[in-house]
Amino acid sequence: MWGVARWPLETAFVLRLAFVLVAKRGDPLAGDELFYSNQAFELTRGKWYLWPNTLLQSFVGHPTAAHPPLTSTMLAPVAGLTGAAPLALRLAMVLLGVVVVLLIGRLALEIAGPRASTAAAGLAAVAAPLVLSDGSVMSETPSIVVLLGATLVALRFRRDPSVRLAVALGALVGLMMLGRSEFVILAPIVMAVAILGAWRAGRATIALSALTVGAALVLPGAWVFRNAAVFAEPTFTSSQDGFTLIGSYCDDVWDGPGVGLWTLGCLREFDLDNDGTDDLTELLGDTDPYGALDESQVAAAYRERAVEYAKDHRGDLPRVASFRVLRMLGWYHPSDTLQYGTGEGRQPWLGWIAIVEMTLLLPLAAVGAVTLYRRRQRTVLGLLLAQMALAIAMAAIVYGLWRFRSTFDVSVLVLAGVGLATLAERSRLG
C-alpha cells in the first residue's frame, strides 16, 4: 500500500487490535483520556470546546484550551456515533496507529528505498511504545499522524513545489500546532525544510512560499483568535503550560526519590481564591480552588511561580533536567515513570518491553543516521534529529513522562529501519 509492504500493516493492526480487545478489555478511560473523549462527544452536541465533565470540576462548562483541539475534533465523529464508548474510541486509535506505521514506512521509502521501508514499517508494527499509544485515547497518535504527513509533503514540496502541495503542507503544519503544544517548535522547522529546499533547487517562488506560510497560519490563527475572545490572559494553543510547569517546579520533585517527576503536591503553596485553604486541599476535597478566575488566569499564576522557582534554583536545573531526561528514556527508576502511566491507562508490563526495545534499537538508529549523512540526506537527518531533540528538551524543561517521547521513538524507528537495511545490504555484498 502506497509503496509500503502489506505485512507490517497487517501485523500492526492485529497486534493493536489484540491489545485493545484483550489487555485493555473492560478498562475505563483514565486521566486525560476522559477529557478528550468527553469533549469529543460534547462537540457533536454543539458545545464547542468547553471543559468537559472530568475529575477536575472547576471549569466544567466553561471555554477551555487545556489541550489543543486536534485530538477531540478528530474523535468527534466516533464519539457522536457511539456515545463516546471507550472501545469505539480505542478502535479508532488502532486505525490511526496503522496509519502511523504506513507513514513511517513511506518516509523510510522516500529517503532510503524499499528495503529500509519494509524494515522501518516492520519495526514500527511491533514497537511497544507505539502499541501503548495506539491503545490510549490520547493526543500522541493523532499528532504523530499529522507530523509524519507534514514531513512527507515537505519532502515532496522540496522536489516539485506546487499550489496543491503548498496548501496541503500549510494545512498539515497548522494541524501540527493544534495537536500538541510543543509542535509549535517543529512547525517552522518542517516549513523551512520544504521552502528552503525548493528555493535551493530553483523551483520555489515568493507566491508559493507565502501561500504555504499563510495556509499554515489559518487554523492556528482562528484558534488563537477564539482564545483571545474567551480568556482574560493571552493563550496560544493551550493553557496547560501553567498546570504542567507548576507540578515540576517545587522541592518535592527537585530532590529525593521524586526528582524529575511531577506532583500535585506543588499546589500546597497556592491559595488562588484567597479563602484560607490551599489549592491542593481544595482539589483533593472536590472543592473549587479558583473562584472567579478562568483557566488562563490560573495558568498564568502557576506559570509565573514556576519560572520564579526555576530562577531561584537555577544552579540545580542541569541536575534536575538530567534526571528528567533519564526518566523519559526509562534509564532511571523506570518503575516510577511506568507507574505514572497507569493513571493514563497504560500497562506497566508493556512499558518495560518498550524501554528494552527502544534502547536496543539505538545502535541501529545510529547506523541509519550515519548512512543518511553519507548519502547526503542531511536535511532529512536533521529533521529526524530535531524531533528527537524536541522530546529530550520537553523532558528537560517539564518532567520525565514516558509519553513525551513519541517524536523520539518515531525518529528512532525510521533511522533503525535505515540502519537495518544498511547492515543487510553490507551482509549481502560481503
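Note: Cβ is positioned from N, Cα and C throughout, glycine not excepted.
All annotation found in TrEMBL is predicted automatically rather than curated by experts.
Noted in TrEMBL for the protein shown:
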type     : residues : note
DOMAIN   : 67-220   : domain 'Glycosyltransferase RgtA/B/C/D-like'
TRANSMEM : 87-109   : transmembrane segment
TRANSMEM : 116-132  : transmembrane segment
TRANSMEM : 183-199  : transmembrane segment
TRANSMEM : 206-225  : transmembrane segment
TRANSMEM : 349-373  : transmembrane segment
TRANSMEM : 380-402  : transmembrane segment
TRANSMEM : 408-424  : transmembrane segment
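Contact between the transmembrane segment (183-199) and the transmembrane segment (349-373) is absent: fewer than three CB pairs lie under 8 Å, with pairs separated by 6 or more positions in sequence. The transmembrane segment (349-373) makes no contact with the transmembrane segment (87-109), as judged by fewer than three Cβ pairs under 8 Å among residues 6 or more apart in sequence. Here the transmembrane segment (380-402) touches the transmembrane segment (408-424). Their Cβ atoms form 3 or more pairs under 8 Å, with each pair 6 or more residues apart. It is 408-424 that, among the stretches 87-109, 206-225, 408-424, forms the most Cβ pairs under 8 Å with the transmembrane segment (116-132). Sequence-remote contacts of a segment are chain residues at least 6 beyond its ends whose Cβ falls under 8 Å from one of its Cβ atoms, and for the transmembrane segment (87-109) they are 1-5, 8-9, 12-13, 16-17, 20, 24, 29, 37, 40, 74-75, 78-79, 81, 116-121, 124-125, 130-131, 133-137, 141-142, 144-145, 148-149, 151-152, 155, 410, 413-414, 417-418. Mean model confidence of the domain 'Glycosyltransferase RgtA/B/C/D-like' (67-220) amounts to 95 (pLDDT, 0 to 100 scale).
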